[in-house]
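Shown next, in structure tokens, is the structure this report addresses.
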Amino acid sequence: MNLRVIKLTLSFIAALLISSVCGTQYLFSAYSTTLAERLNFSSIQINTIGSAANYGVYLGKPIFGYIADNFGGRRPFFAAFIIFIGYFCLAMTYEGNLRPSFLLCAFYMFLAGMASAAGLMSSLVIVAKNITSFRGISLGAPIALSGLSAAIYSEINSLWFKNDNYHFLLFLAISTGLCIFIGSWFLVVVPPSINQDTTVVTLEEGNSSSCSTKQNDKFEDTPLLQNKINEEIDIGGWDFINNIDAKLLAITMFFFSGAGLMYINNVGTIIESLYSSHSSSTLPPIYKLQNTHVFILSIFSCLGRLSIGFISDMARLLFKIPRSFFFILSGVWIFLAQLLILFYVDDLDKLLIVTIFVGVGFGNLYSITPIIVSEWFGTKRFGSNW
């Protein structure tokens, strides 16, 4: 195994390590109700705090995407410090060592969200630069792990911390910061080998003399679709913003993801409401139910992210089904979940199916959409566009 392969392997493992802690904003429902009770926050205030993490993620991604597009992949050392500060300050506030302001708590979660966006975008951009073949799998793995991080931490919370949210938040701050910091040391862009470049040049020189006589035959034998694919698409900036397909994709994404995030941020509150109206005395503690739903959301989100890329590849290859079909399908899952919670759910057992539907739909959505963006508008400015 040569040095370049070792560097590629270590860089990919580092990307997976960083990505595995960049989805902790979806963990909020596991401790949101306890945080509200401890600090006497209203439902609106606790929702603001939970939403702040998502604002950090989604407002941060265009910034870090632009940086990645224009300056190349950068090691996200600063993200390790920021995510540590965000969760550490939240833990200190929970314990009473800092001022219990919901606006400050929202700011701490916003910082954690921004750091998560920086870590994930850096990982994806560097993986895309390093691995040019099997890109669906190579990009799908870190995307899936970011969705799995909430499941990992919810299980840790259930097994080790029970309802001790102060020490859990401290653990969250230290572990996420360390994982991003350690991963950043090995997350590097590995340049292509000199042998590959030399081979390409030699082939081009060897074929130049016969190119003129074979050119017509080559284009006659190449399908028109293949010729179009070989022409690099590059739509970005104002052209992207004014593009009708980009507008439709963004507006649809807004409603699909918004409905999913609404449930993800509030499932803890929903469980608390159903728990208080449940007459059975055999129910487990409420924090266990909240951790269970966060775990299930994360697991099915991960499965949705991993599966949809492969399924859409096979469907397009074998049945000529476009990827946009699966984009709509992800919205159908989330829409069905909303109908179920509106007309069907009246106890905690029935809520489980809603959690599964939202997990699958949300995972599908956040895996298929970046693939569509890269194919429709090109990879050169993918970071900014996505």
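Placed from the backbone N, Cα and C atoms, the Cβ positions cover glycine too.
All TrEMBL annotations are machine predictions without curation.
Taken straight from TrEMBL:
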- 246-386: domain 'Major facilitator superfamily (MFS) profile' (DOMAIN)
- 1-23: signal peptide (SIGNAL)
- 39-57: transmembrane segment (TRANSMEM)
- 77-94: transmembrane segment (TRANSMEM)
- 106-127: transmembrane segment (TRANSMEM)
- 134-154: transmembrane segment (TRANSMEM)
- 166-188: transmembrane segment (TRANSMEM)
- 248-271: transmembrane segment (TRANSMEM)
- 291-312: transmembrane segment (TRANSMEM)
- 324-345: transmembrane segment (TRANSMEM)
- 351-373: transmembrane segment (TRANSMEM)
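Residue counts for the domain 'Major facilitator superfamily (MFS) profile' (246-386) under DSSP, helix first, then strand, then coil, are 120 helix, 0 strand, 21 coil. Here the transmembrane segment (106-127) has long-range neighbours at 11-12, 14-16, 18-19, 21-25, 28, 48-61, 64-65, 68-69, 72-76, 78-80, 82-83, 85-87, 89-90, 93, 138-139, 142-143, 146, 176, 180, 183, 187-189, 383, meaning same-chain residues at least 6 beyond its ends whose C-beta is under 8 angstroms from one of its own. Counting Cβ pairs under 8 Å to the transmembrane segment (39-57), the top-ranked stretch among 134-154, 248-271, 324-345 is 248-271. The listed stretches are 77-94, 134-154, 166-188, 248-271, 324-345; of these, 134-154 has the most Cβ pairs under 8 Å to the transmembrane segment (291-312). Counting only same-chain residues 6+ beyond the ends of the signal peptide (1-23), those with a CB under 8 A from a CB of the stretch are 76, 83, 116-117, 119-120, 122-124, 126-127, 130-131, 138, 141-143, 145-150, 152, 175-176, 179-180, 182-190, 193, 298.
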